Amino acid sequence: MSGSGRKDFDVKHILRLRWKLFSHPSPSTGGPAGGGCLQQDGSGSFEHWGPSQSRLLKSQERSGVSTFWKKPSSSSSSSSSPSSSSSSFNPLNGTLLPVATRLQQGAPGQGTQQPARTLFYVESLEEEVVPGMDFPGPHEKGLVLQELKVEPDNSSQATGEGCGHRLSSTGHSMTPQSDLDSSSSEEFYQAVHHAEQTFRKMESYLKQQQLCDVILIVGNRKIPAHRLVLSSVSDYFAAMFTSDVCEAKQEEIKMEGIDPNALWDLVQFAYTGCLELKEDTIENLLAAACLLQLPQVVEVCCHFLMKLLHPSNCLGIRAFADAQGCIELMKVAHSYTMENIMEVIRNQEFLLLPAEELHKLLASDDVNVPDEETIFHALMMWVKYDMQSRCNDLSMLLAFIRLPLLPPQILADLENHALFKNDLECQKLILEAMKYHLLPERRTLMQSPRTKPRKSTVGTLYAVGGMDNNKGATTIEKYDLRTNLWIQAGMMNGRRLQFGVAVIDDKLFVIGGRDGLKTLNTVECYNPKTKTWTVLPPMSTHRHGLGVTVLEGPIYAVGGHDGWSYLNTVERWDPQSQQWTFVASMSIARSTVGVAALNGKLYSVGGRDGSSCLSSMEYYDPHTNKWNMCAPMCKRRGGVGVATCDGFLYAVGGHDAPASNHCSRLLDYVERYDPKTDTWTMVAPLSMPRDAVGVCLLGDRLYAVGGYDGQTYLNTMESYDPQTNEWTQMASLNIGRAGACVVVIKQP
């Protein structure tokens, strides 16, 4: 018997079996399913011919070669053996079985070479496929190998066992002159579920504790396993078992710093690929996976924890992810904490934070709070939770509170507070904040990290309407500094171009403009919270290209064009009476004018007067109801963007001549006006020319939004830092806009 348990037949036994079973007459010539036939040779005896033998005989007869399938004579039977590469008839069940045989022939005088064979496991057979029989000899003139095809094995059961494919190569005609080693019939088999079946077998060995070659000891628990399986999924075990360390040869390995149940779960995962994730065990499992270097398990555990994030646990998950080196999980948990800080500070985890972790929260610009007062009260709540031990950390933590941005009433109360009056460092911080409020003209000299507002406290930047590729944008976008993203916030009631926008009580007031056919005097109010529009009383004058701003409560509509002429008139809207009234007119008619409020005065900058662009600037004093001329800008500008920052007025971009003038240029110049000295100074230019650019202050930086560069309506935005005198590219709008009105709402 062979090692596989199947019976091996010698050549004589095969011949006797064939002769006994097939030596009977058959009336038919044989078909694909009808078995073989008996043919009479020249000596008058009969022998059986199967379909494959018949084809082989005909092929050899065409070549003038006597077939070796004919019954050999007694003189040659002892020195010959049959050989084939065909489908052999199985007398046990009447099916044709593929037999692949590599015929090998040595050089003359070297004797007969043993045939190479490929065996297939066929589930319906009880005996191994009978190999082909080789009759090498000088009487063989040639042999045609049967063409074999790819046959899927459809005999597999529902379990998947025995699934696979047989791949057979095409045979070639071989003659005595050909090299029999170079022409062969080969078959290739690939089991579809081989790896799965193998690991199932290994799992059964694990359950029965068979062939285990290592025992992992953790605590009082011993876990048997197979080194090969563990090292195939874990880089930790692979390094241990393949390196020159003592554990590589030890049968028992002690594991430290790992939960026994988590280790057992991961050992089972190595065999099965299955893992159960539970909220109460996920941290132990993730810690073990990080130690054993199982990146796939680490990833799924991290995603599971991301789904569990809540204001009551996000601080703990963030700290745990940081300790385990799970960078992505830590980032997600940190972002969640920053976004939901208002709910986080109400939970027990916040009160239990160590001082080192708390200071990271207090120092962050990204905490989503409405004002600095919220962060200050959170610190005081944390200190009072364990006042005796935490008072020593108070001065260190108070330095991360932006005290200059607190209301002066709170600062006055802190000076004599029991927690602060005996702490010298706290007193210094409080005094610094008071100076910031008492000396506003010196604030530019007092800039520090404590005077920089947090991103969430500066409000939201809105871009309304403007000219786009569709001849007029009707969408409203808003920009969140904390996330650095633009999203659509609403829609206008209709198309408006060259209009103005002001903000009162966190509402947008859209004033004047033109709709493409006529100049408008209409006014509408948009509430971002309810996303509703309200119609307000119209202006007395139709205006497009006007400037709009808020000065000490009322809205001012300055200059513009009424469809016939350039205007120098100015109207003021009182939010209490909801009426428009005229105030003093400007010295010069101005359209596409830039306006801004600074130090209780209304400034009107540049613009066009009908013949040229203007460099002049004048300001309006509401207390005297008069306009006064100021020092002119260095450049003439129409379509200029204007905003104020730290007591200075900035003029940004624009054009220096009407578009009809072939010498017209679009500008990237930026100028700064100091009202104390009545002088203009050139500062860092924009990264590109921007005409009809929208400019406003957000936090401690100026933002230049959209515009026109001569070819494209721009969707880009850049911010200017007065401290570094540099422009920085920021997130882009969703669409390009020129002449968009940009404003900031503190509480969107």
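The backbone N, Cα and C atoms fix where each Cβ goes, glycine too.
Among the features that Swiss-Prot reports, region 'Disordered' is placed at 22-93 (among others).
Positions annotated as compositional bias 'Polar residues' by Swiss-Prot: 51-66 (among others).
Marked as compositional bias 'Low complexity' by Swiss-Prot: 72-88.
According to Swiss-Prot, the region 'Disordered' annotation covers 151-182 (among others).
Under the heading compositional bias 'Polar residues', Swiss-Prot lists 167-182 (among others).
Feature annotation from Swiss-Prot assigns domain 'BTB' to 212-279; the stated evidence is sequence analysis. Secondary structure of the domain 'BTB' (212-279) per DSSP, as helix, strand and coil residue counts: 31 helix, 13 strand, 24 coil.
The repeat 'Kelch 1' feature in Swiss-Prot is assigned to 460-506. Averaged across the repeat 'Kelch 1' (460-506), pLDDT in this predicted model comes to 94.
The annotation repeat 'Kelch 2' is assigned in Swiss-Prot to 507-553.
Feature annotation from Swiss-Prot assigns repeat 'Kelch 3' to 555-600.
Taken from Swiss-Prot, the feature repeat 'Kelch 4' applies to 601-647.
Taken from Swiss-Prot, the feature repeat 'Kelch 5' covers 649-700.
For 701-747, the entry in Swiss-Prot reads repeat 'Kelch 6'.
Note on the repeat 'Kelch 6' (701-747): DSSP counts are 0 helix, 22 strand, 25 coil. Look at the repeat 'Kelch 5' (649-700): DSSP puts its residues at 0 helix, 22 strand, 30 coil. Per DSSP, the secondary structure of the repeat 'Kelch 1' (460-506) breaks down as 0 helix, 25 strand, 22 coil.
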